[in-house]
Every structure is written in C-alpha cells, then in structure tokens.
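**Q** So TrEMBL has the following annotated:
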ACT_SITE  ASP293  active site
BINDING   GLN90, LYS106, GLU127, ALA224, ALA225, PHE226, LEU227, GLU298, ASP313  ATP binding site
BINDING   GLU127, ASP313  Mn(2+) binding site
DOMAIN    188-405  domain 'FAM20 C-terminal'
Amino acid sequence: ADGDLLFNVNSDIRFNPRAAEQPEWQNEDNEEFLPTGETSIDSYPNWLKFHIGINRYELYSRHNPAIEALLQDLVSQKITSVAMKSGGTQLKLIMTFQNYGQALFKPMKQTREQETPPDFFYFSDYERHNAEIAAFHLDRQVKWICVKRKVEILILDFRRVPPVAGRLVNMTREIRDVTRDKKLWRTFFISPANNICFYGECSYYCSTEHALCGKPDQIEGSLAAFLPDLSLAKRKTWRNPWRRSYHKRKKAEWEVDPDYCEEVKQTPPYDSGTRILDIMDMTVFDFLMGNMDRHHYETFEKFGNETFIIHLDNGRGFGKYSHDELSILVPLNQCCRIRKSTYLRLQLLAKEEYKLSLLMKESLLKDKIAPILYQPHLEAMDRRLRIVLKAVSDCIEKDGYDNVVENDFNADVNTVTTER
C-alpha cells in the first residue's frame with residue numbers, strides 16, 4: 001500500500017540539489033531527471049533505488065538487486081567532494097560520488113586484532129570502521145552454499161542497517177585534493193615516516209597525536225550509504241529507555257531498578273504496538289556485537305509508531321572479544337519478551353550446520369577489505385548467542401512460553417515483515 005512506502009515514486013521523489021551540491025541530476029543519456037514518473041526507475045542511480053525501496057517494515061527487501069549494486073558503487077564510484085560531518089565525537093567524512101550519491105566515511109583507527117583497552121569508558125571508545133561493516137552483514141542475510149544444494153540462510157534478517165562497504169581510499173587524490181572544507185584541508189601533513197596524515201576537527205582523537213596516517217597515502221574505511229535527505233523524509237529521534245548514564249560515576253535508573261521494564265511498558269510508544277519488541281531485537285543485535293553505545297534511535301516520521309527502528313551508528317561494536325558485556329542484555333532480562341521470528345532465527349543460528357560465526361565469516365568475505373573481523377570476535381558471537389538463548393529460556397521457565405514469545409507471523413502489522 002502507498003501508506004507503507006516512504007515515497008510515492010510518481011509524486012514524492014525530489015532530487016535534493018543542496019545535498020549533492022549540483023544544480024540538477026542527469027542520467028547517462030544526459031537527459032534531465034524527471035521525478036514525475038516520466039523517467040524509468042531502471043535509469044535511477046542505485047542510491048535512489050535504495051531510497052524508494054524503503055517501507056514501513058524494512059530499509060530494503062530481501063531480494064532487492066539495487067542493494068548489491070549500491071555496495072559496488074560505494075567501493076568504485078569516483079569521489080567528487082569530501083567534507084567533515086558536524087556533530088558527533090569522532091571524525092567522520094561525508095563523501096559525494098560522481099552519481100551524486102553520498103556516504104558516511106569512517107576511517108580505520110584500530111587494527112583487527114586490537115581490543116578496547118580495559119580502562120576505557122564506553123563513551124570514549126574508538127569508533128571502528130570494521131564494526132560498521134560487520135553490523136550491516138549481521139543485520140541482513142547471506143547465501144550459504146551447501147555441498148549438494150544451494151540454500152539461503154538468513155543471519156538476523158532485520159534489514160535495518162543502511163548498506164555499508166569497506167573501501168581503500170587514496171587520502172591525497174580522493175580526500176585532500178577534492179575537499180572544499182578548509183578546516184579539514186589544513187590538518188593534512190606528512191609524517192616523519194613520509195606518510196600522508198590528517199586529523200580533522202572533532203571532540204575526541206582529532207589531534208596530531210591521533211592523526212590518521214596512510215601507507216603512504218592509502219587508508220581503509222567504511223562507507224555507509226546515506227538515508228534520504230531529511231527535507232524529503234523526516235526522521236524522529238527517540239531516547240533509548242535503556243540509555244546509559246554517560247557519566248563516570250552515575251548509574252542509569254534501569255541499572256538499579258529491576259522492575260524498570262514495567263515502568264517503560266506503561267509509557268508511549270512502548271505501551272502498544274511492536275516498539276518494545278523492536279527494542280528487544282536491537283538489544284540482541286547490540287549484545288552479539290558488544291555495542292554499549294545505543295543512547296538514541298531513529299524512526300521514519302511518516303510511519304508513526306508502527307514501524308521499525310533504524311539501526312544506525314554501530315561503530316562501537318566489536319571492541320572486545322574476550323569479554324561479554326551482560327548489561328547490554330538487561331532489557332531482554334527485565335522485559336522477558338521476544339518475537340517468535342527472532343527467537344526461531346537465533347535457535348537456527350545456534351545449530352552447528354548454520355553456525356552464526358561461519359555464516360558471518362562467509363558473508364564478510366564479500367567485502368573488498370576482508371577479512372573484516374578477527375576470528376576471536378566471530379567465536380565471541382557464538383558464545384553470546386548461547387547467552388541470549390539461555391536468557392530467553394529462563395524467561396520462558398519463569399513466565400511461560402506464550403507470555404514471552406510473541407507470535408508475529410499472523411499479526412497484521414508484521415505480515416510484510418515475516419512474509420517479505
């Protein structure tokens with residue numbers, strides 16, 4: 001239904017010239033782009049195909065061919081301009097491509113083997129480019145090839161993370177030489193080892209001592225496809241009920257009140273609809289990655305409260321493979337609710353033949369800068385999956401299966417989610 005689509009292709013889509021810094025969009029035949037349906041959707045660039053595929057239930061459908069094509073664009077399209085992203089604590093760059101698509105670039109700050117230092121607070125941890133890539137793959141699906149037959153196995157099958165791909169970027173040609181951002185340009189220098197470096201401007205880790213250096217001018221990073229411009233599709237920002245205190249000494253209310261979920265369930269939008277189940281999905285997603293940094297989340301305003309949570313900004317996941325942060329799982333332990341579709345999928349991923357770590361490893365091999373995750377991180381996901389299933393099992397034993405596992409296969413609001 002039109003009401004379930006973010007855009008009506010015939011009337012809603014408007015190319016935003018301010019976002020692309022171009023007077024108009026033109027297709028390969030040099031014909032002016034018409035947003036009124038007169039131009040075939042097939043001629044749209046892949047980033048626009050991604051945007052018009054967004055609906056009430058997901059960012060993209062399971063078999064949308066534009067997603068694989070968009071991932072290829074992220075690693076191959078010519079970069080025409082670069083600017084620092086305002087806000088946030090760490091350096092991120094907005095990159096614009098030749099086809100006027102845009103992506104958020106997070107540069108490599110840690111090697112695959114490095115863990116977050118034990119004395120770091122979660123709010124001062126590095127944002128990792130490979131965590132953004134791995135989060136996208138965990139959130140979606142993979143094709144698993146068996147010996148005798150080809151079987152499609154889904155990983156979490158949420159499809160709530162915008163497409164992300166790894167790319168090796170030439171810092172001279174693809175950043176310094178194309179940026180009009182003088183503040184960024186001024187921070188470039190040549191290190192004593194004759195490598196090109198820069199550090200930009202931000203709250204954390206933007207100094208000569210924390211500069212990003214190439215080898216000699218190549219640096220890898222993640223590129224996350226932009227969502228539609230806010231002038232076209234407004235998003236609502238929600239405070240996560242289980243937000244941490246972001247303070248060295250203070251604790252959040254949920255950390256000291258074991259009945260905190262009961263209070264949340266009396267508060268809109270968690271008192272009706274599927275939002276509390278969406279929070280549980282996000283909780284499982286974050287626990288598998290070890291991501292403690294989920295202070296807010298966003299939804300598309302057009303769909304009101306009956307829509308999915310967008311899983312944005314996952315760079316602080318996969319920081320520690322030797323430690324499981326059980327506090328991330330508190331929402332599930334307190335609320336004892338989970339979708340049946342999510343529960344069944346988790347049970348499948350715990351089976352030896354569909355092991356989560358193996359599926360993730362296979363999926364991540366497709367990325368241009370693979371390997372993405374250090375093997376101990378993959379093994380940690382299997383361990384954490386067992387912890388999630390034990391938590392659900394304990395809830396079922398305490399409250400009963402029907403009170404814990406929500407049958408979302410027949411609910412009208414989830415029909416598209418489970419049958420897409």
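Any Cβ shown, glycine's included, is placed from N, Cα and C.
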**Q** Measure from the Cβ of ASP293 (active site) and count the other Cβ atoms within 10 Å, all protein chains considered.
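**A** The Cβ of ASP293 (active site) has 19 Cβ neighbours within 10 Å.
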**Q** Measure between the Cα atoms of every pair in GLN90, LYS106, GLU127, ALA224, ALA225, PHE226, LEU227, GLU298, ASP313, the residues the record assigns to ATP, and report the largest value in Å, rounded to a whole number.
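**A** Between the most distant Cα atoms of the ATP site, 20 Å.
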**Q** Please report the distance from the Cα of LEU227 (ATP binding site) to the Cα of the residue listed as 'active site', rounded to the nearest angstrom.
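**A** That separation, Cα to Cα, works out to 21 Å.
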**Q** I'd like the number of other C-beta atoms within 10 A of the C-beta of GLN90 (ATP binding site), please.
**A** 21
**Q** For ALA225 (ATP binding site), write down the residues of its own chain that are at least 6 apart in sequence and whose Cβ falls under 8 Å from its Cβ; none is a fine answer.
**A** TRP47, PHE50, LEU70, LEU74, GLY101, GLN102, ALA103, PRO162, PRO163, VAL164
**Q** If you count Cβ atoms within 10 Å of the Cβ of ASP313 (ATP binding site), leaving out that atom itself, what do you get?
**A** 23
**Q** Please give me the CB contact count at 10 A for LEU227 (ATP binding site), counting all chains in the structure.
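**A** The Cβ of LEU227 (ATP binding site) has 21 Cβ neighbours within 10 Å.
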